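Q: I'd like to ask some things about the structure below.
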Amino acid sequence: MSKTLYDKLWENHVVHQEADGTALLYIDRHLIHEVTSPQAFEGLKLAGRKPWRVSSIVATPDHNTPTDHWEEGIKDPISRQQVETLDANIREVGALAYFPFKDQRMGILHVVGPENGATLPGMTVVCGDSHTSTHGAFACMAHGIGTSEVEHVLATQCLLQKRSKTMLVAVEGKLGKGVTAKDVALAIIGTIGTAGGTGYAIEFGGSAIRGLSMEGRMTLCNMAIEGGARLGFVAVDDTTINYLKGRPFSPTGETWDRAVAYWRTLHSDAGAQFDRVVTLRAEDIRPQVTWGTSPEMVVSVDAVVPDPAKEADPVKREGMERALQYMGLNPNTPINQIAIDKVFIGSCTNSRIEDLREAASVLKGRHVAANVKLALAVPGSGLVKRQAEAEGLDKVFVAAGFEWREPGCSMCLAMNADRLEPGERCASTSNRNFEGRQGPGGRTHLVSPAMAAAAAIAGRFADVRDVL
């Protein structure tokens, strides 16, 4: 019987099957950061338990760490306590890898794991963070979990899960100039909606997806949760294997050969049946910009802000009206006439070396517009930062008027010093544009790194295809 990739991943990890369709699944990799782990470790201690398999753990602080003035430490007392608690917990119990604050390898977990080869095809990967779906780029069954589940995985190395339906999102054809994985992700969400993937595990396929680099695939899978799906993944191919070879925690020698032989089975079989299939033409996808307070509120950069009056569904119409009021926008305003205040290039969605190269290629020889108050470039990890500096990208950003920062989650979310002030509008390469996501009253527009760079130069949203 032909199987989907999801079928294979699920069946390979079932420890016990319940009659109601739920199953106890074994967890291969547990990623831990400072925000969702303190209560879990405390629960273990109160119960007199120890972690079941510390060799599954990869940990680093990322949400609360500052991205500048590291010599001053972490000023906010709550943030400092969370980071210090993570440090104490991991030093007590151990881990496969721990990259503490100021370690040259620290950074955003969803960047650090893959670049170190700690995310390998066929794994189940969990983390107390909703964007764990990023790791699905490696044909992993990866998803976010809550704090109580973090404790459960620490104690048992298992999770009780209900099987999802399957969806294939196929993007066929060749992407045009200036169109990136981020644009593909936003176009998909704009097509299926933020609830379109609810209850599904999404496999991304098609010639355009196969043409993406691993970093592009990570961007795509990172956004799966924004389409309602806990899981998003891409089948293994030569691109996957070539990326992993020689990474610190990748297998070596004969073990590598055996691993590769297994990894090459991690694809949907010919004739495998999906519960839903969605197909997009790559040629139809243009650079995207969100206009509202949900990732599904997105249009092409050459479009206008939608008019709620044209929406027949009263619930959707009301949501659009509220979003426009919060965002301070009027219907039918051309996207390329919307001025910005700040620019953020970073986050677990778009802070890898290819993202920084992409933005730098637009910025080189140009400068941030006078109306832009702040432009941040925040590498996703210390390793990415060092690579970018070796290539001279930091000099390009600084010459263009950007601040070149230390690694961390930064302005993706208002849990550290990098945030928007009320009413400020930001071109952001992050993954969520909810009300207050980047700071109370802040207005977030999601774009690709290239589009963020183009907006920084113009002082408003601009079509990056015109400057490439």
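Heads up, the Cβ atoms here are built off N, Cα and C, so glycines get one too.
So Swiss-Prot says this about it:
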- Cys348, Cys409, Cys412: [4Fe-4S] cluster binding site (BINDING)
Q: Look up Cys412 ([4Fe-4S] cluster binding site) in the DSSP assignment and reduce it to helix, strand or coil.
A: helix
Q: How many neighbouring Cβ atoms, not counting its own, are there within 10 Å of the Cβ of Cys412 ([4Fe-4S] cluster binding site)?
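A: I count 30 other Cβ atoms within 10 Å of it.
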Q: Taking the binding-site residues one at a time (Cys348, Cys409), which has its Cβ surrounded by the most other Cβ atoms within 10 Å?
A: Cys409
Q: Excluding Cys348, Cys409, Cys412 themselves, which residues in that chain have a Cβ inside 8 Å of the centre of the Cβ atoms defining the [4Fe-4S] cluster site?
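A: Here the non-site neighbours turn out to be Asp62, His63, Ile108, His110, His131, Gly346, Ser347, Thr349, Ser351, Gly408, Ser410, Leu413, Ser430, Asn431.
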